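Trainee: Right, I'll just put the structure down here and ask away after.
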Amino acid sequence: MADSGLREPQEDSQKDLENDPSVNSQAQETTIIASNAEEAEILHSACGLSKDHQEVETEGPESADTGDKSESPDEANVGKHPKDKTEDENKQSFLDGGKGHHLPSENLGKEPLDPDPSHSPSDKVGRADAHLGSSSVALPKEASDGTGASQEPPTTDSQEAQSPGHSSAGQEGEDTLRRRLLAPEAGSHPQQTQKLEEIKENAQDTMRQINKKGFWSYGPVILVVLVVAVVASSVNSYYSSPAQQVPKNPALEAFLAQFSQLEDKFPGQSSFLWQRGRKFLQKHLNASNPTEPATIIFTAAREGRETLKCLSHHVADAYTSSQKVSPIQIDGAGRTWQDSDTVKLLVDLELSYGFENGQKAAVVHHFESFPAGSTLIFYKYCDHENAAFKDVALVLTVLLEEETLEASVGPRETEEKVRDLLWAKFTNSDTPTSFNHMDSDKLSGLWSRISHLVLPVQPVSSIEEQGCLF
């Protein structure tokens, strides 16, 4: 019971000191001064301290170690220790102060044993206050003397208000504060690094999306430009290629050169006669493997008889100009009343003999004058698929019964005129129907084979008067 009574005043005084903000601030200042004392202890030896300081600090550690002993003869003995022992204790106190900045909390927190229980609690509280004041005064003085710095020592009131328990509490609070300050700083670097990486990744994703959008938005345009460039390059290379790279066709070149001269020799002809005639024969000559012969029908009125004969001959001659061989000439005039089978045989012999001997063109004049049955031989030479000779040209002429042919007559009207004439000549009720004789169906089949191109010829007065002199 006596011990509890003695401890209560001291505990109350400690609680009051803990609750006082000014005391806490003084504890933090004492901690900072203690750290300066550690540096002072390294720079200056404890030997340079004055004797008064040694005596004051000797009381501090001894008071903490003995637990605030009463004023008895033992306290007098403590003051009579040898001087060297006092210096060692001063050094030890500086070392302890450098490590922990304050006296150990265990010794300060424990209640010292009181050898004199007769003292009242108020006397013990007074001695405790004196002890705390002496220990707190020693540290600031040593720090001030050792470092020689311009720091101002704390006041006497603040030193008296501090206690060993509060010094330990201040140290713990400072350590906690440092850990709290360092912890966010240590953790902030990974967080900042992570945020920077996230921002960088987001920026890269945005750039990828922009590139994708840009590609898909401009992709079709780029594709079209590339296709146009390829086509333009192909066309340019095709037209700018040297002439020697194109395979030459001597027959075509000779035909074009000679056919172009006919326009001057036969003036007054329709434009489509030259255009269509050139295109039709040029296509056939340019074909490497023609499937059928080139068959053309020229027609004219009776006033253009000589012009028709001369023009058809020169067109066939232009077609075979590369071979330097004249075309085959067959005339149906004067054979109307001959035997159709005989005429058919003669026509077959002349065409086959000439084509087999290298002639590439044949001119059949007055096709309308042949016996009807004899014209069936042209199935053999003008068939679409099974013609006997496919790389040849057959030029047929039909003289209309009309006296004149208007220049305004077009190709279709000209074709109808020729067709009507042949139907009138080759089909009638008096003609017997047999295999060797013509009928309407056979004539329709023949017409489809020989009527690829029907062109009108206008008379040339000089030719009609003087004949074909060239």
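Heads up, the Cβ atoms here are built off N, Cα and C, so glycines get one too.
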Trainee: With Swiss-Prot open, pick whichever of T176, T291, T307 is annotated phosphothreonine.
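Mentor: Looking at Swiss-Prot, the phosphothreonine feature maps to T176.
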Trainee: Have a look at S13, S63, S158 and find the one that Swiss-Prot tags as phosphoserine.
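Mentor: Candidates were S13, S63, S158; Swiss-Prot attaches phosphoserine to S13.
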Trainee: Run through S93, S105, S122 and tell me the one Swiss-Prot describes as phosphoserine.
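Mentor: Record annotation (Swiss-Prot, phosphoserine): S93.
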Trainee: Run through S72, S120 and tell me the one Swiss-Prot describes as phosphoserine.
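Mentor: That would be S120, per the phosphoserine annotation in Swiss-Prot.
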Trainee: Please report the three-state DSSP label of T193 (phosphothreonine).
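Mentor: Note: T193 (phosphothreonine) is helical by DSSP.
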Trainee: Where T193 (phosphothreonine) and N286 (N-linked glycosylation site) are concerned, what is their Cα separation in Å, rounded?
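Mentor: Pair distance, Cα basis, whole Å: 78 Å.
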Trainee: What is the number of other Cβ atoms found within 10 Å of the Cβ of T193 (phosphothreonine)?
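Mentor: I count 10 other Cβ atoms within 10 Å of it.
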